[in-house]
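Enquirer: Take a look at what TrEMBL says about it:
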- A:89-296: domain 'Cytochrome c assembly protein' (DOMAIN)
- A:315-636: domain 'Cytochrome c-type biogenesis protein CcmF C-terminal' (DOMAIN)
- A:6-30: transmembrane segment (TRANSMEM)
- A:42-62: transmembrane segment (TRANSMEM)
- A:175-195: transmembrane segment (TRANSMEM)
- A:249-265: transmembrane segment (TRANSMEM)
- A:274-293: transmembrane segment (TRANSMEM)
- A:313-331: transmembrane segment (TRANSMEM)
- A:352-374: transmembrane segment (TRANSMEM)
- A:394-413: transmembrane segment (TRANSMEM)
- A:425-442: transmembrane segment (TRANSMEM)
- A:448-469: transmembrane segment (TRANSMEM)
- A:490-512: transmembrane segment (TRANSMEM)
- A:614-633: transmembrane segment (TRANSMEM)
Amino acid sequence: MITELGHFALILAFMVAIVQAVVPLIGAHLRRPGWMALAEPAATAQFLLVAFSFGALMHAFITSDFSLKIVVDNSHSAKPMLYKISGTWGNHEGSMLLWVLIVTLFGATAAWFGGSLPPGLRARVLSVQSAIAVAFLAFILFTSNPFVRLAVPPFDGQDLNPLLQDPGLAFHPPFLYLGYVGLSMSFSFAVAALIEGRIDAAWARWVRPWTLAAWVFLTIGIALGSWWAYYELGWGGFWFWDPVENASFMPWLLAAALLHSAIVVEKREALKSWTILLAILAFGFSLIGTFIVRSGLLTSVHAFANDPERGVFILMILGVFTGGALMLFAARAHVMEAKGIFGLVSRESALVVNNLLLAVSCFVVFVGTMWPLVAEMFFDRKLSVGPPFFDLAFTPFMVALGLILPVGSAMPWKRASLARAIWPLRYVFVLALAIGGLVFAMQTGRGLVGPVGMFLAAWIVMGALIDIAQRTGRGGNRLGRLMRLPRADWGKLLAHGGLGITMMGIAGLTAWSVEDIRVAQLDAPFEVGGYTLTLDDVRRAEGPNYLSTTGFVTLERAGREIAQLRPEKRIYPVAQMPTTEAAIDYDLARDVYVVIGDPQDNGGWAIRTYIKPLTNWIWIGCALMALGGLLSLSDRRFRVAAGARKPKAQPVAAE
Amino acid sequence: MKRLIFIAMLLAAPVWAVQPDEVLQNPVLEERARELSKGLRCLVCRNESIDESNAALARDLRILVRDRLLAGDSDAEVIDFIVARYGEYVLLRPTATGSNWILWAAGPIMLLIAAGVGLVYIRGRSRAAASQEAGLTEDEQARLSEILKD
């Protein structure tokens with residue numbers, strides 16, 4: 001019964017969304033306050049209906065209602081509760097429902113907290129947001145209905161993919177979706193502004209928190225996914241340039257660009273049309289990401305052909321929204337003439353370079369991701385584009401970005417002197433170079449990744465510290481002034497410093513990992529990179545829904561025991577799938593990563609050991625970036641100022 | 001429990017990435033083998049190199065690479081040998097031949113275009129700076145006096 005109510009609520013939400021997409025838009029055009037005001041309660045109603053529907057689906061998963069097809073396919077009565085809940089979005093239909101839930105949540109928050117927006121803009125934003133919801137609700141209702149019942153329910157389900165039964169991955173999709181969908185808000189604002197034909201500093205100030213929030217969520221989501229890959233997949237890689245990963249990385253890059261260009265619009269009223277274009281593209285790439293993941297197109301052309309209906313539907317959504325918005329952009333871009341003026345060397349110019357590098361690097365990822373498909377369709381070549389290509393083609397952009405970051409962020413608005421921006425950074429630059437050189441000398445002939453990475457990390461982190469120190473001015477009570485700096489400045493410090501720290505972790509892991517593969521006999525110690533490991537015992541045990549083989553490994557250094565490690569190998573009988581549970585001794589300086597393999601014919605077990613230097617800093621850096629974003633989000637000017645100072649309306653004749 | 005163990009035994013014993021028995025005695029050759037296998041794709045997996053993959057086919061390919069190295073092939077010869085049998089699909093780093101130049105050149109060309117557009121824009125803004133600096137527009141003047149009144 002609850003299931004049917006959930007289905008019904010979803011259909012009602014679809015109806016409400018259609019009304020909300022049409023009426024306020026017309027109302028805003030005809031300037032009818034009543035029609036415009038409809039958007040607000042409709043957004044709330046829409047959110048509540050979808051939330052009820054999502055709750056109904058989750059209820060079915062929690063109670064293991066095997067009369068629902070989706071529950072049978074993705075759950076099992078013996079599965080731990082956490083994964084029963086996360087199973088709700090661990091499948092196609094449920095994840096799309098979560099997508100829509102977040103679209104409507106963002107729409108509703110815009111309605112609740114958008115009181116200071118001009119009514120016309122608010123009505124249009126909510127309409128556009130609702131149009132997105134209409135498209136995806138239609139997608140769910142017509143091609144991926146999660147509420148399909150089975151005529152003959154089985155006794156038990158087929159279990160969730162065991163790789164996904166993991167706390168890291170349970171929360172990875174919701175964060176990622178919050179990020180993807182958060183960009184829909186920037187998109188709605190962009191389209192509403194295009195319809196309205198007006199973009200000013202106030203507009204940028206409304207858009208920026210949404211973009212910032214989306215970027216923070218994307219950062220967290222990507223970091224969780226990468227951390228999961230690191231400890232779960234069993235060889236300690238953190239990024240694989242898989243199409244699905246790229247799908248989340250491209251919106252992240254564009255959101256980062258948008259975040260910065262919106263500052264220019266807000267502070268200097270320049271880069272307007274570019275910012276609008278970025279907002280459209282960023283959401284476009286979220287849709288492309290959804291398309292890539294949901295259609296299965298890139299994993300194999302055949303997976304797509306098996307179920308072309310869904311893929312084509314999302315492609316249509318992508319075409320209508322991105323294409324439509326771009327056409328609107330082409331027709332209206334000229335009304336957004338820039339007002340701010342600035343010199344060749346200025347913070348504005350530095351942010352243009354930042355945007356340029358981020359956007360082009362995103363383009364490189366896009367081309368690399370799509371190339372196998374293009375080559376097969378147009379040139380009849382079946383080929384792969386893997387990590388070696390991306391490492392080579394993408395990394396230079398990040399190096400360039402890291403190089404200019406401290407200089408650019410030290411520049412003043414309008415007109416700067418390069419010499420004056422660089423001067424306070426001179427010691428830091430020399431120190432960073434010295435660190436890079438030292439690292440190069442110490443590692444003797446191991447390539448440039450390590451030294452360059454350490455140089456960049458030191459340069460960015462120390463540059464960010466100098467930047468905030470500079471903001472306190474000269475003499476007298478600098479500490480007091482430091483404490484009173486706006487939160488946005490602290491956010492900037494953390495986000496930029498976090499980027500440097502992540503780069504340090506990536507460089508350390510990539511350049512100096514040590515690997516050891518061997519047959520370990522019981523109680524026979526062996527050495528890996530200065531550590532002594534002993535396989536004391538191997539035991540088999542039974543978990544709630546799996547069978548496990550656990551190795552008992554003692555990790556020692558210089559005769560002192562550091563840790564007891566328990567690498568595990570699991571077999572999930574229901575899903576018929578093995579997984580590795582690597583045992584990791586976490587440490588800020590290095591991780592010791594142990595994986596147990598198969599028993600060997602002549603006794604002993606295959607054991608793989610990795611020493612991975614600085615790895616944890618990758619995720620510490622990501623956490624700092626996210627924290628920086630949150631601090632910036634809580635800055636006073638977003639809470640108070642948006643709309644508090646009503647800018648004088650500057651109507652632009654809409655042709 | 002017995003039934004579960006039986007099922008577990010029925011499952012094909014999983015084969016993990018690089019096994020101890022595959023490793024070559026000669027560390028230089030082994031190092032080369034690892035480097036080569038990081039650039040070769042496991043044909044039955046999703047975007048995994050044969051170095052990382054657990055599939056049986058990847059293991060066969062890893063052993064093939066090592067056999068060729070032991071037979072005295074150069075790195076390029078090993079790659080050619082495998083591409084000749086499995087096609088360029090196995091190369092994780094696509095060659096820059098034929099239509100693939102588009103892939104490799106796309107980034108640099110786009111960077112040049114973007115840099116050009118960016119430069120024109122910035123110069124436009126700085127020229128405007130020179131011509132507009134003289135005074136405020138009427139609107140701005142009105143706004144200024146309004147602010148100063150407060």
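Placed from the backbone N, Cα and C atoms, the Cβ positions cover glycine too.
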Enquirer: Using a Cβ cut-off under 8 Å, which residues of the same chain at least 6 positions beyond either end of the transmembrane segment (A:6-30) come close to it?
Expert: 36, 38-39, 42-43, 45-46, 49-50, 52-57, 59, 97, 100, 104, 119-120, 123-124, 126-128, 130-131, 133-134, 137-138, 140-141, 145, 147, 195
Enquirer: Given a Cβ distance threshold of under 8 angstroms, which distant residues of the chain, six or more beyond its ends, lie next to the transmembrane segment (A:249-265)?
Expert: 179-180, 183, 186, 199, 201, 203-204, 207-208, 211-212, 214-215, 218-219, 222, 271-272, 274-275, 278-279, 281-283, 285-286, 288-289, 340, 348, 351-352, 354-355, 358-359, 361-362, 365-366, 369
Enquirer: Residue list, the transmembrane segment (A:425-442) vs rest of chain: Cβ under 8 Å, 6 or more residues beyond ends.
Expert: 406-407, 410, 448, 450-452, 454-456, 458-459, 462-463, 466
Enquirer: Averaged over the domain 'Cytochrome c-type biogenesis protein CcmF C-terminal' (A:315-636), what pLDDT does the predicted model reach?
Expert: 89
Enquirer: Near the transmembrane segment (A:175-195), which same-chain residues lie under 8 Å Cβ to Cβ, leaving out any that are not at least 6 residues past its ends?
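Expert: Beyond its ends, the transmembrane segment (A:175-195) has Cβ neighbours at 25, 28, 95, 98-99, 102-103, 106, 110, 121, 124-129, 132, 203, 206-207, 210-211, 213-222, 224-225, 248, 251-252, 255, 258, 275-276, 279-280, 282-283, 286, 289-290, 321, 325, 328-329, 332.
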